[in-house]
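Report on one structure; see the data block that follows.
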Protein chains: 2
Amino acid sequence: MASSMLSDCSSCAASRLLPLRRAALHPPPRFRPFPAAAPPQPRPLFVAAPPLPLLPRTRSMASFSAAAAASADPATVVADAPAAKIINGKLVAEQIREEVRVEVARMKDAIGVVPGLAVILVGSRRDSQTYVRNKKNACEAVGVKSYEVNLPEDCSEDEVIKHIETFNSDPSVHGILVQLPLPSHMNDENILNAVSIEKDVDGFHPLNIGRLAMQGRDPFFVPCTPKGCMELLHRYGVEIKGKRAVVIGRSNIVGMPAALLLQKANATVSIVHSKTKNPEEITRQADIVIAAVGVANLVRGSWIKPGAAIIDVGINTVDDPARPRGYRLVGDVCYEEASKVAGAITPVPGGVGPMTIAMLLSNTLESAKRIHKFE
Amino acid sequence: MASSMLSDCSSCAASRLLPLRRAALHPPPRFRPFPAAAPPQPRPLFVAAPPLPLLPRTRSMASFSAAAAASADPATVVADAPAAKIINGKLVAEQIREEVRVEVARMKDAIGVVPGLAVILVGSRRDSQTYVRNKKNACEAVGVKSYEVNLPEDCSEDEVIKHIETFNSDPSVHGILVQLPLPSHMNDENILNAVSIEKDVDGFHPLNIGRLAMQGRDPFFVPCTPKGCMELLHRYGVEIKGKRAVVIGRSNIVGMPAALLLQKANATVSIVHSKTKNPEEITRQADIVIAAVGVANLVRGSWIKPGAAIIDVGINTVDDPARPRGYRLVGDVCYEEASKVAGAITPVPGGVGPMTIAMLLSNTLESAKRIHKFE
């Protein structure tokens, strides 16, 4: 009936993309959308919202996948106009790319340095090749120099590490990422740990994660997708401090770092995962929900607190014979229902997805600025 | 009226103490209290408990300190017998020390290696001197060799780091800890980062914290006090998987790593902190509460879900003219009230406090075993 897959923004491959230190790239006056760019108007959240059509339902997430996807078929949705503000990730990502482009040009003019991003691809997975090509194109569009190494599926761990070490010591490279997943004969941990902490633009190194978790410490880089989630909240004026936040999913690349970021921003954070017994009840307490679990339409309207801000990281496919490809993309949140209850919500596609590569570019720029002490 | 202070188990100095990899030191059959040692009987939690005398109260923690301490004066407490199982940290700590002693002797007999712990003390704070002396005595009692360096208050950061490096390369030293707080002219981060990750028995290195946060990774060491909290839950048979857990406080040395440990054990975790608007309401949802905030009697009976397990890390002083010293020690939890509602609770003193040094000894043993590949 419905199939669910990990996509660019929720998979390893995907979240291999974007953060930047906002303070560096976006000084406070620029946190809001550019006035000239038909900005999304921040609207106060947590205010009056239409009554929600509560669907009493309390079951564990594990049992949810297919049923959730099925019951959210568009044919069953009442055609009301959505009440929630749509958080336009495509627009924000474009703004960030433009900001990066301007900064890259300024840096080149001032000190003659061009940020460089190196991508290592092992094997010939079609999806990985697509992601790598997208990253390369995105780099070119903003003036970031990209370097690419393609290694055969059967190459050794040592060969990959040798290439990483070459990039580690190459002063024209400021960010290094290894496209995941790696072939099964390789140890991801050994390979990712070989990336210099100063060039780990993915932010996946445990040292980065530790610094993210600790008060009084700052990571060199924040993983791209969760950083993109935070950027959307910031740019749409969603208040975080003192708010209840629920993160659904606890992956190393999205859920866990997203929870740490919300915590660092002084939200009161709860993490809901596959062993949680009452995810609906807990999620309904949240002013901010970040869903990153990879289950199509898991989060129903009844899970949402009226007025809440919903960031949907999931990109899942569900069968749809009416579409030319026979499927359509949906998030972890049932958009049709949630958008009638929430105060603000990201669509899928066009929400978090476009943010990941934008934030990867920002992280690469940030790295170059830090290495060259360019303000 | 009441004063609150950080004590050995909730301060930097304190939590500079204990974890061990339970799997290594305590194979499953030994997770429960020793049958021979008049063990605390694990009792099923989350079952019928007496009705709780709810005190409607919802205010932020920031406003709580003095009022909480004052209102929990023993004179105002009804003299009912406590309903909760008392989690006897003193007894468990003694068991762990005995387990360490036996293992140290076995290791010495088998391979001739004695675990060694080095402590660096800078300056002459009385409390720090006491903590260091206690650690030294604890080492001697279980056969762990202790090394101590005392440096003057005005020594340089470089001197401290030089001593750390000497211990890093000394094969007879398996654990190194720098007693905190350090003099104000020193950068804690620089100094703590100098400790070899393989000998960081405090578990405070960001790399350790990152590995603690990540799924599929394990830290070399877990910070002593939160590890002690988990050990108490395990040894008293408190089920963690799928339970709601609330950690009150988010310090780098107790609250944050405690939350990560509970999360790793598959609890659904929420962190309550000074910016949380409704700490009482959130805490009342928890089957497990770890309070580590350093505010005397903050957590009242009304905050507790009937049958919950309460781990009280706080050690605070409140004025008490009836005592010879003019004060008494209390936790972050109002014991008199909470013990009538909870299913199990740690007292203060005699709860988490004694666990910290016990777990430091365990971590040191664990380190020596790992370095010498001794099973």
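Just so it is clear, glycine is given a Cβ too, placed from its N, Cα and C backbone atoms.
Quick caveat, the model's predicted, so the values are computed rather than measured.
Record features (TrEMBL):
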DOMAIN    A:87-202  domain 'Tetrahydrofolate dehydrogenase/cyclohydrolase catalytic'
DOMAIN    A:223-370  domain 'Tetrahydrofolate dehydrogenase/cyclohydrolase NAD(P)-binding'
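Regional average pLDDT for the domain 'Tetrahydrofolate dehydrogenase/cyclohydrolase catalytic' (A:87-202) in the model is 97. Here the domain 'Tetrahydrofolate dehydrogenase/cyclohydrolase catalytic' (A:87-202) is broken down by DSSP into helix, strand and coil counts: 62 helix, 18 strand, 36 coil.
Helix, strand and coil content of the domain 'Tetrahydrofolate dehydrogenase/cyclohydrolase NAD(P)-binding' (A:223-370), in residues and according to DSSP, is 52 helix, 30 strand, 66 coil.
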